[in-house]
Amino acid sequence: MVQNLHESISNQGSFNDGGVEKLAKYIFSRVGYMLVTFFVIATFTFFLMQTLPGSPFNDERLSESQKERLNERYGLDEPVPLQYITYMKNIFKGDFGVSFQYDGRSVSNIIGERIGASAVLGTQSLIVGTILGIILGIIAALRHNTSIDYGAMVISVIGISVPNFVFAGLMQYWVGVRLQWLPVAFWEGFEYSILPTISLSVFVIATIARFMRTEMLEVLGQDYIVTARAKGLNGFSIIIKHSLRNAAIPIVTILGPMTVSLLTGTLVIEKIFSVPGLGEQFVKSIMTNDFPVIMGVTLFYSVLFIGIVLIVDILYGIIDPRIRLTGGVK
Amino acid sequence: MEKILDVKNLQVSFDTYAGEVKAVRGVSFHLNKGETLAIVGESGSGKSVTSKSLMKLIPNPPGRITSGEILFDGKNLVTLTEKQMQNIRGSDISMIFQDPMTSLNPTMTIGKQIMESIIKHQKLPKKKAKEKTIELLEMVGIPNAVMRISNYPHQFSGGMRQRVVIAMAISCNPQILIADEPTTALDVTIQSQILELLKNLQKKMETSIIFITHDLGVVANIADRVAVMYAGKIIEIGTVNEIFYNPQHPYTWGLLGAMPNVIYRGEELITIPGTPPDLLNPPKGDAFAARNKYAMEIDFRIEPPMFKVSDTHYAATWLLHEKAPKVILPEDLKKQGQSLPNEKSRERLLKKTDKKEKLLEIKNLKQYFPIGKKQSVKAVDGLSFDIYKGETFGLVGESGCGKSTTGRTISRIYNATDGEILYNNESIFGRKPGSELQKLNQKIQMIFQDPYSSLNPRLTVADIIAEGMDIHELYTNKKERMERVYELLETVGLNREHANRYPHEFSGGQRQRIGIARALAVNPEFIIADEPISALDVSIQAQVVNLLKRLQKEKGLTYLFIAHDLSMVKYISDRIGVMYKGRIVELAESDELYQNPLHPYTKSLLSAIPIPDPNTERTRRRIKFDDKLSRNGEEEPVLREVKKGHWVACTEQEYRKFKNKDSEVI
């Protein structure tokens, strides 16, 4: 047993060598879990969809025979379990079916066409929000218990509690209509993305600023900061080199859910600014009971989410050497 | 001798909501080149604040240096700007902190952290700085430095981390090294290594060291001169011999008396009654007067000046005034380092344990904690010992040896992996009716290490103490409940008025008393005390230990006293078991164990305890213990009785050797 202990200690010393191999193994096993999660979500959404009232074809203008023909064409006349099996089979082949509302267009096609705007919007707001949030949080922490700190926190509380469509409406009116600085709607270039990006990032800024402030305050009180000061480092390098990375660890944790809330946030914002994004399409499809598109977008969102969680976990290891995949998979 | 640092009338205050707290109230001292000055004092005495002010590291706000001068290298540090200070910090004056677990940045490799100050102060290019860093790491005794330089702090043990911190501090050959309790968080054997390292480095680099500590044993080991601080002032300063062999201030007497000595064992420790004063409103006159049994009227009115005892020795007490009555040194202090317990007490003790019945029997106890796939940490691995009724059994060992786990397994906080624990000849494990379990819970109580986190901050003291009584329904009405709480509070030396207060209103020592009252509330027979005093100051430790001893006598309690502080364990225990890697390696009556240790681990452990006696410290040799070396052959050592009541884990061959040696002695 003593021998083992010695071995494990010496192994620990050199565990950096097998780091890449370990990471690959880790990602591989995580992808396995992701597939299972994906399967469960697909099944769940499929049956949830079945409980929705109405059918995509309950248009009063259609005759019974026409409806029957449509049902037959899209395979909706078959028993539910059979539909489920066909659907799952197709998914694993990469085929998400054909839309009901747009004749003959495949779901993948629709998602592919719509994802661009949403991705731009989401990424921009995430980057802007995170950077501004971190800066605001650091300033508030450094000016702890001063009017700057209180001011930053008031802004933050407003940002969290006021829904983003309120900001969207206000900005459309003031910046767009009154001042005529920026376009109010549509998606025809970078300047069209500014207002929706700001409306989306307010929540991100506010949340991250609050977290960052708390974390910074905690980190600045740590012994190793005193050590750094005792080394004669100046304030700037103490913040950049010693505090930021430590304070960022919890920020990474909230970044995952934050991205997801951004995704759902785009549903409304895209509608308000008439951005032809995935969210806007999602809302439209729900109105028209377009099952394949709803399913497709839902699955797309969940894959995105699972992917983000994986990225966050890997980021964690990069930022915090203490949890560098030593214990294996949870 | 060349003065390198001169501090004159330094005053430091902290602004709090309640008002100005005067943490340092006029401290003056100087530091000679190449010497070690130890600053001793209890928590709140201002020793840490003083040392941090020297580098102007006091957080501002709320702290500020209100007056005084710190003269170093022809400059008054108090008047320097932050920018100018940054050039001095780490380069001319550097610092080692208490807890190596928290004083290193967890997200930076140790190499980078050491290089930082080299690059900043010596303006070396990165490659040169790296070479220098490797050199430094080798100098502080980190093996395989070339590889280790790119490791992170969590990949090092506590002792190794402290070496890294030291490497960082000496990286720019500072003239002054301030060490703020650098060994307090470490095990004794590691502590002696670190002290050794500091001494060697000092010899090599001719650095002056300011060593802040509360441990007088460490002071005796390392210091050339000693300054004793109390309530923000230096009350006595002198060479190490003057302070230890000719102390003048009653507070110094108290400190020296409150430290249990491994060699000398008295009936009761000298305690300093009361607690240090509140520095929000510092008392008039001598701050120590209220706790001083030799205090005269003048002590309460006028602050004593520093009286000169010799050229190097000064003390601030009115007792040194020519008109003061002559007070002689307390008797007990003189005995230090002299008397050894005689054979009689040993025999008496042997008889005592002979007659006694076993209260607790632990047989081959194993406690494993699984960590991931098919691996487990063997915290306790085949532990066996008995505890007799009415005795105090001390369990010592270094961190990670499984002593705390043992305590928790006995109180069934954990479910044992294997083995048997018999309490009053009945197993405490297995399925049992609820009522029986409850009875067992009532009989076995625990006192915890940290008095700050072991009391629920949202409950009043009365509710904390009475919680156990509520569960076990030990009273019939509300009035009886409160009566019992009052009684318990008085038993542990608190007042009945304290019942309605909350834990945060109490000091550490008082909180530990509350913890003891809570354990006593359900009339237990057996108390597991898990490091009950390690979080407390020396003078407070003595109070708590005396209380535990008194309670044992009055209530016939049995204790399992778990600790790493060997001198305190020796003082309180009848028998001691030494634990190493989840097993007992030696077990004997405490005097026998200290006089005649047989196992190499016990020997090394004992040799590492610093003794508060400079002369002894100077001549002592540390014994190193190497697990691999002590193992000869494949034979598993087994616990065998070498002498009556003295058990050692040894091989067959060693056993015969011990036996023979023993018969020679007799």
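Even glycines carry a Cβ here, placed using N, Cα and C.
Positions annotated as domain 'ABC transmembrane type-1' by TrEMBL: A:115-316. Sequence annotations record features per position, and here TrEMBL assigns transmembrane segment to A:31-52, A:115-142, A:154-174, A:194-212, A:247-273, A:293-316.
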Quiz item: So are the transmembrane segment (A:293-316) and the transmembrane segment (A:31-52) touching or not, going by 3+ C-beta pairs under 8 A with a sequence gap of 6 or more?
Solution: yes
Long-range CB partners for the transmembrane segment (A:247-273) (under 8 A, at least six residues beyond its ends), listed in sequence order, are 117-118, 121-122, 125-126, 130, 134, 164-165, 168-169, 172, 184-187, 192, 195-196, 199-200, 203-204, 207-208, 211-212, 215-216, 218-219, 279-280, 282-283, 301, 304-305, 308-309, 312, 315-316, 319-320
Note: vs the transmembrane segment (A:154-174), the recorded stretch with the largest number of Cβ pairs under 8 Å from A:31-52, A:115-142, A:194-212 is A:194-212
Under 8 Å Cβ-Cβ from the transmembrane segment (A:31-52), and at least six residues away from its ends along the same chain, one finds 80, 84, 87-88, 91, 289, 291, 294-295, 298-299, 302-303, 306-307, 310
